[in-house]
Every structure is written in C-alpha cells, then in structure tokens.
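Colleague: Starting off with a structure, shown below.
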Amino acid sequence: MKRIGVLTSGGDSPGMNAAVRAVVRKAIYHDVEVYGIYNGYSGLISGKIEKLELGSVGDIIHRGGTKLYTARCPEFKTVEGREKGIENLKKLGIEGLVVIGGDGSYMGAKKLTEHGFPCVGVPGTIDNDIPGTDFTIGFDTALNTVIDAIDKIRDTATSHERTYVIEVMGRHAGDIALWAGLAGGAESILIPEADYDMQEIIGRLKRGHDRGKKHSIIIVAEGVGSGVEFGKRIEEETNLETRVSVLGHIQRGGSPSASDRVLASRLGAYAVELLLKGKGGRCVGIQNNKLVDHDIIEILESKHTVEPNMYQLSKELSI
C-alpha cells in the first residue's frame, strides 16, 4: 500500500487533529503518501481531496476541532454516493482509508469495506459510546470542560443557596454525565441507561435541605430529557430556588487534554499499521491501556454500556 486517505466525520471532538497528525506522520515514516479528505464523506463524494505533507499537520496537535473539517452526508448512504466516493479515491491511487469519528462514521467505513475498499475506524467522539474501547478521543477533554463548569456553577449555587440542574451532552450514552457527576460531587445523576425515580430525587433534595444543606447539583444527560423541564418540576415540588444550565456545544471545543493527545496519537498510528498489514474492515481502540482492534461489523452490532458499579457508587455517595 503506497497511498492512503484520512477523513474526520460526524460530530467533532478534541483530539481529532492529533489523530490526523499521527496518521500522516506514521504513514510518511513508512514511505506512504497520505491524502486528506475534507468535510468527511461529503468531500469524498465531491472530490475535495488533497495530499498532506509533514508541514500540513504542523502546529495542530494542541488544537481542538478538526483541520479536515467535518459534515453530515446523507448522499453517502446511497450506493451511488459510495461508488462515487470510491471512484474519486481510486483516481488518485488511494488504496486504504482511515476514518476518524463515531458510530455513524464507522457505518460509512463498513459500507466502503463491503464495496471492497479497505478502511480502519478510529473512535473520535466526546460521548465515549463506541464499544471495543475504554475511551474515545475527545471524551477526557469534554469531561474536564464539564467538571470545570460544575465547579464554577457550584460556587454561585453556594453563594445563592440554590439547586442547579446542569444538562450535558449524551443523547444515548451517559458517560459524560456519570463521570462528570462523580468527579463534581453531584447530588443526583440522570443517564439514559438507567431508570430514575423523580420522587426519590426530590426526597433526597428535601432531606438535604432539612439537615442544613445550602445547595445541590443535579447532572442530566440530554437523552434523559430537558434540563429545563427537570428544573421546573424540582422547583415546583421542593420549593427550592432552582436554576438550569445547558452546557451545549462548549463540550466539543477546546484544546485537547494530554490524555486525549496521547490516545489520539496511539490510535491514529495503529490504524495506519493495520492498513499497511492489509487489515481492512477493522476499528482500533484502547483496553486496559493496550492497543486493540476489532471487526468493525461486530462493533457496530454491539451495544455500549456504562459501568454499573460506577453508577451504583454515584448513588451511594450522593446520600
């Protein structure tokens, strides 16, 4: 394999640039040319593809977002769209592709593999919801962004003796809410993977208030429901002054943490190794601090789960 491509797809995550950098440098180290596909699968179809050199990835390891940009691409879900993308790759002599993104990006890589084009997936999403890896690129940075927000909100919650509901990202996965809630000392954590009892939460808030507790923090993953609605209900049923903060897309931005930079570098380089060994249709990950790879179809058919012991711990510590 003498030429490979790399693209970022789906929602951006801090550390994607570090992964792109690792792909380019690892490939060039092995005398393999690298082409960057801009705007994800959309750029693959439109032919927005450029050769990347060492200088192309200079000064990006510490930058959030993605140098290659990203976009949603409904057209790629069609056979015609995928065939057009493969045609553009073959015109340039590109023989393999590294795809950095979440499960939607993995689905695109799977489809390309089924068309006979070798792809390797690299998990890049703040949600940490990709099976087969302990952590995804961007999760640690997003987690630290949320924890920083919790700490600051707690300062004002304490000053005004208020209850705060903080809504975080996580439409289908509660990792951000769970980890940030544990690290931030939240009184209640609501995640999509676990049922909750609203009356139990309200009772806990009332008991805390009765014993002199001046403020409370409740973390709600967006997949559970609207933080605004939770805030209204809590205030109505407890008579405690309640405010809501929806963190939104700030969770996706920012300079990647040291952990995410290292993870992205390891996974990006490993993806190139797999392609050069002729191993397409795979996706990479980290488990117990060791690099692993899995069949991409198996991963797409698997379901990510949160650590049940961590969720139980969060309940035990929030009494």
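Cβ from N, Cα, C; glycine included.
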Colleague: Swiss-Prot has Arg21, Ala22, Val23, Val24, Arg25, Gly185, Ala186, Glu187, Arg211, Lys213, Lys214, His215 down as binding ADP; which of Arg3, Arg154, Arg233, Arg243 does it also list for that site?
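Modeller: So, going by the record in Swiss-Prot, that would be Arg154.
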Colleague: Name the one residue among Gly5, Gly11, Gly170, Gly174 that Swiss-Prot lists for the same ATP site as Arg72, Cys73, Gly102, Asp103, Gly104, Ser105.
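Modeller: So, going by the record in Swiss-Prot, that would be Gly11.
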Colleague: Taking just the CA atoms, what is the gap between Cys73 (ATP binding site) and Arg252 (substrate binding site) in Å?
Modeller: 20
Colleague: I'd like the number of other C-beta atoms within 10 A of the C-beta of Arg21 (ADP binding site), please.
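Modeller: There are 26 such Cβ atoms around Arg21 (ADP binding site).
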Colleague: For the C-alpha pair, I'd like the distance in angstrom between Lys213 (ADP binding site) and Arg171 (substrate binding site), rounded off.
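Modeller: Computed Cα spacing between Lys213 (ADP binding site) and Arg171 (substrate binding site) is 31 Å.
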Colleague: If you skip the near sequence neighbours and keep only those at least six away, which residues in the chain come within under 8 angstroms of Asp103 (ATP binding site), Cβ to Cβ?
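Modeller: Once residues fewer than 6 apart are set aside, Asp103 (ATP binding site) is near Thr125, Asp129, Ile130, Leu300.
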